[in-house]
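*Asks:* Quick one: the structure is below, and I'll ask about it shortly.
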């Protein structure tokens, strides 16, 4: 190329059209490569000095413009503009963006939000829910490298470095924005994304406004099977589609993604393309107009011209193009401003839908010498040829380091240069080179080139708060975290570093995929000469290296190395000397030298030491022995310990019986912070502590805990062992580990810990966390967030979040626990030899002592002494002097308030009402006024105003309730309201109580005048008596005092017999209850013990306990005398004979009784009910012990599991096995199927959690275990689709194969789960290579296809290999053919050729000669008669599918031929005749004409070069058209399913001319008469049909006629709307609704409302939220608002839009709060969503808002809803309370009876009837109830029951008659 200008020939050209001229001028202005154009302004500036140069400049300019017209410039960043549509190829895929390769070596980026609107909406939903959505695919799952995508340039940004960045979008709404609905034509090739999944296909977003595009399942099957690995399309999936059919002027479009249709789609003139809507990626047939050295100029689609630059010519045909040559081309881009169309002739773009195969180049980054120039293009660049033949391209900007150094003469063809491969352009199939010396010399070109541990040089780019950004290469940036800026932590790094500084770093971590580079500037690490640890495998014991401390813990330091490898330095390895607190010695970020002690690469666990070990280091035998002993103790174990020594911080103890040393810190001695130091003080060496919890252990250290709350948690199994077991919302009990300024760290017994930030630490404002909590404090925490990836969780300690139930109950439990511990301390004190200590141990509050005044102090307090014990100090505060004047030596009577066991002092009082307290009997649960006398940290001592008794009550209502403002704190002398929990002082000397509301506290001390006290006491008694009278109406009428004790025998009469208990009336009017478990000693299984007792029978029973009337809770009795209302009785023969001592176990609490049960124990329980919501059986083991039987533990029968309540009767005795005793909640988890834990060989019921395609099932069990079922264990006979019968939540019967791992191995084979079955095992289990024998025929599933073989799974862990030569006799040449025929999961039959156990290799054969099966590439032959029995159903399904496929194929063909008359019928008949003749002619040869040859014909069809049939008579063009496939190619389809490809409309005229023998014949007179008569008959038939009133409308005209005749009928209008909706004509349906609203008369309010509701439904289903809101607002204006609100709420609920429904109900409750219908509907809505607690609050709110007259109706409605949707027991309670207040509301009784009949037992129904017929009602109403009772017994009872009702009715009539006579 001696003269570069020769490349641009000059000369005359044809005249251009105006449009072409304007186009050329714009190109001319956009020319950014022309050097002369850039120099134009400079020349003009010079020309001002000399006018002689002006003429010369103009001549040069004209020549330049003329030459530019012939130039073919390549794309550059400067030539791109926003809105430009361009074809690209996916280069890289990350989680948040795509990197897309563009033509001419450019690239752009697609953000995750630019895929499509539906995908963006899903992403927003996922962000809002804060958890991943199952149906949302990640970006790498939607796109893969090599995919061709149509893009639009969304923006051209400038990066921080000043370079342009191209932002792209593949959103169809932006790419196809230029298309309109009316521009759509069949055959168009478009791209779109899946927007939703429908029943029969997918809705595809093609971005055309007003168009709904639908892709049927039939058209998607081939794509799903071959390219989607059998998985259904998901939202956001990118598709290249062909428009098959256009309806409603583009409103509805049918699409196809079949490969044959997509690959053959060309843009045609009939599709009406123009320059405005021409899209990249379209294939066109073009004609070469002009050939130049730089490319071609083409004509296509008649009117359009385009350019092909030198990069996109077909390499093999380079130089062979000529004018007028016809070529296939692909449109690359259309410039929106210049209208220049760029095309490509490369073969890779001529097959739409096919991804690019080569997406990278292996030699990226390589430096090459002597690379020859192939060609040079001015202003574009140079083409080089590499040694492997690959072409490479270097832009002009990469040919030299600067413009000045560039010399075009140096790049003549044949010249060689040194260069470096910097990238590979997929779109151009070219390697991209650079000749810049700076790039060639750069050590790193990509992140892949950087090795971990390498020392690199870089330049500081910026200083950020989190670290320093360093530039390492041209496109490589790294981060130096703040911790790694220096060997020490730097506070002001900007003082040492500034942008532009050169630094030397060492690489810590490099992730090329994420483009993440982390480096360090720590001098010790950068200059270290020691070996580096970059992986766990390289960490050998004894290796010494440098690392960085990243965390300092109590148990040691965590040291981090390179590549995120880290290890632990235990506390004992930190130094040769003991370091009690590592945080005071070490700090985060410290560089240390360590030695590796041990490493487990599989567990990624490494132990290190700061004590740089040598082989000669002596070992401590004591340490080894202690380590052996610690191994015997496990975390969570309860042990007994003996105190060895007391330290300042705790107790050194020995764990019995091995005397293993351990440590028990002082805060862990008690849940109460004040009791810990007391226990520490009084525990002595040699004392033994029981039930101590092992909290944590290391090699030298075991930490113990004695906190009762933590011990109970571990015992109850409520302590999660790993973070994966923890879910947000869980309540956990732990202790405060440490307190920081930003929050509190809480640790749990298993060792897990979490952070409670200040914001959620307390309901009060937190300034300093240490004011609210102390280290070691027991707390209850609620999990708010779990991050498993970072092994972190956030906790809330707020009381509002961590409620444990009733605050009064919790407060009382904490008080009992605290006083119990104080009593234990008294026992420790009593063991001392000191008389003073023993005296203090014997003193209890309330004792009255004679004391002598010893001293009166300045503050007014008095110190007393006692004669018997001289050292005893008694102290009375100024308040407790009670205003008395005292002098030393004076004798006084004092009362003990509290004994300080630490200071050895006694707090006393001189108040006379305390010293002389009244002996007045107190009642339990009675409320009293009290005065605070003494305050301790966790409880207070008060005196009752009426009597002077001392009472203790807790100051905290929760473990977290430890902080109170000064205004909230109690003071001595303050008045409080107390509710008594005990009535007699126990061993503590105090009566126990709980405090009432804080609002009832009084500031000043109440009066203590005796008269006032007496008056108030009398008033209090009167108030309590009145309250008791009110409670009698709601409870039992026999609430009387009695003097019975446990063990007493009583005699009574049975009042009523229930299913699970019997009610007994005792002689004195008391009521007792006999539970079903207290009737017989041995209860036969299946019987109901209560049936042995009859109403009216007298029984003798033993008192065993009592039951609270209000709460119905069992009350254990801990002392012999008690006063209760309902007594618990027993009539067991053994207990009636026994003595009182034999019954002392009944005094235990339910929690203690639960502890006595062990897993595996067999118990007898009594069925109570089946909880439908919770899916478990509720049973009673005893009166105070409940049980639950999960549904899956009920039976191994699927029939029973479907209706478990039908198997058992209420009260029936059942024998069950204890699975797990739930101690805190006092119930047992039971099982009816035998095993109480999952063991190998057991059969259990499970529930499918997840179905994994081509893998198997994940199954969950009620034992908390998870198991997996392999594909090979689903059945004894494999099938083609083994997983289609399984779905999540399905119940399956499983056999436990193995429990060796955390995830169980399961089997669903009938031979395993049901040993009694005798079904033949068609596919035996293959568990190892030993189970396989040579010559054996086996079936298996295809796992994958390799380049030379196929891998087949024979068992869960057994694979076989079939070489291509043993797969098929056809031997197709490409791997893709195997992928298509043998997809993953396909069932195949194989013969075992060889078994090599040494190599663990099984060779298989799929050849028909070995297996007897058809070839995998041939259609399946008709099975023999004996083979049909096993697959009859599958064969029938296949036939139905084929028949359906043929019918669907014939439908459009019939529609195309519909109007062609007799000629078409004759053609179809002749064609059918020919098709029918062929099998007769060929006979048996038809079976041979299958498989390979049909397969190769299909392949030839794809290429587009049809060939003659291989054998048989060749058909002429006038004969039957060639057969084609109806829906993709199916290997199992025979020739009978192939249909002829009938000619289209365009071909019909040609075929008609070519077939003269099929022309129309002239009709005779007789034939014309017959046709006329036939037409008249048809016309009369149509008229009769139109007059038929029962005729169904079939068209819009039919509906128009109907609505004209009945304009006010909303039914017709709704049918009209439905007619349009079925045709997806949404706008027409809206128009019909609007017509209806205008047409229907205003008097027909209901008819109009029906249309409004239909319109709301339409907008909810097909419209937007905005359109729905507009319709709703209009409907409210024209109708009764309440009705419209209720209808919309129903619409939201039915469409499962619960959030919108809830918001609407809240609006209704504000606007219509006086309407009971709104409250009832809202209650039904809440209960329907299983929110029982919310429904209770709704009822309370309703009663507050509605008038009193509506209350009963609303309460009854809510009770009905509870029966239907909620808890039956709660519904009964509501009815009972209502009827106790309104006993004569017969309507309520009637509803109660109806509900009980539907949802209750027969016993319950009869009980209600018995109660109602004994009411004193009017005779008319009594007659109604007697009639209902009689009808019920006739239907459900026996003849005896019917007679009994009649007798009762007769008794009632006689009683009434006698009353009238009197």
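The backbone N, Cα and C atoms fix where each Cβ goes, glycine too.
Summarising the annotation, Swiss-Prot assigns compositional bias 'Basic residues' to 43-56. Residues or ranges marked as domain 'S1 motif 1' by Swiss-Prot on the basis of sequence analysis: 83-171. Summarising the annotation, Swiss-Prot assigns domain 'S1 motif 2' to 187-258 and lists sequence analysis as the type of evidence. For 281-346, the entry in Swiss-Prot reads domain 'S1 motif 3'. Here Swiss-Prot flags 365-436 as domain 'S1 motif 4', drawing on sequence analysis. Among the features that Swiss-Prot reports, domain 'S1 motif 5' is placed at 453-522, with the record citing sequence analysis. Summarising the annotation, Swiss-Prot assigns domain 'S1 motif 6' to 542-611. Taken from Swiss-Prot, the feature domain 'S1 motif 7' applies to 636-707. What Swiss-Prot lists as domain 'S1 motif 9' is 846-911, and the listing cites sequence analysis. For 1047-1120, the entry in Swiss-Prot reads domain 'S1 motif 10', with the evidence type sequence analysis. Taken from Swiss-Prot, the feature domain 'S1 motif 11' covers 1160-1233, and the record attributes it to sequence analysis. Summarising the annotation, Swiss-Prot assigns domain 'S1 motif 12' to 1241-1309 and lists sequence analysis as the type of evidence. Sequence annotations record features per position, and here Swiss-Prot assigns domain 'S1 motif 13' to 1335-1407 based on sequence analysis. Here Swiss-Prot flags 1424 as SUMO2 cross-link. Look at Swiss-Prot and you will find 1696-1728 tagged as repeat 'HAT 2'.
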*Asks:* Sort the residues of the domain 'S1 motif 4' (365-436) into helix, strand and coil with DSSP and give the three counts.
*Replies:* 7 helix, 36 strand, 29 coil
*Asks:* For the domain 'S1 motif 10' (1047-1120), DSSP counts of helix, strand and coil?
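*Replies:* Here the numbers are 7 helix, 32 strand, 35 coil.
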*Asks:* Quick test of the contact rule: Cβ under 8 Å, at least six residues beyond the ends. What residues does that give for the repeat 'HAT 2' (1696-1728)?
*Replies:* 1660, 1681-1682, 1685-1686, 1688-1689, 1734-1735, 1738-1739, 1741-1742, 1745-1747, 1750, 1753-1754, 1757-1758, 1761-1762, 1765-1766
*Asks:* DSSP on the domain 'S1 motif 3' (281-346): how many residues come out helix, how many strand, how many coil?
*Replies:* 6 helix, 35 strand, 25 coil
*Asks:* Can you tell me which recorded stretch out of 83-171, 365-436, 542-611, 1241-1309 has the most Cβ pairs within less than 8 Å of the domain 'S1 motif 3' (281-346)?
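*Replies:* Checked against 83-171, 365-436, 542-611, 1241-1309; highest Cβ contact count belongs to 83-171.
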*Asks:* Of the listed stretches (365-436, 542-611, 1160-1233), which one yields the highest count of Cβ-Cβ distances below 8 Å with the domain 'S1 motif 12' (1241-1309)?
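*Replies:* Top-ranked stretch among 365-436, 542-611, 1160-1233: 1160-1233.
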*Asks:* So how many of the residues in the domain 'S1 motif 7' (636-707) end up helix, strand or coil by DSSP?
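*Replies:* DSSP classes over the domain 'S1 motif 7' (636-707) add up to 12 helix, 35 strand, 25 coil.
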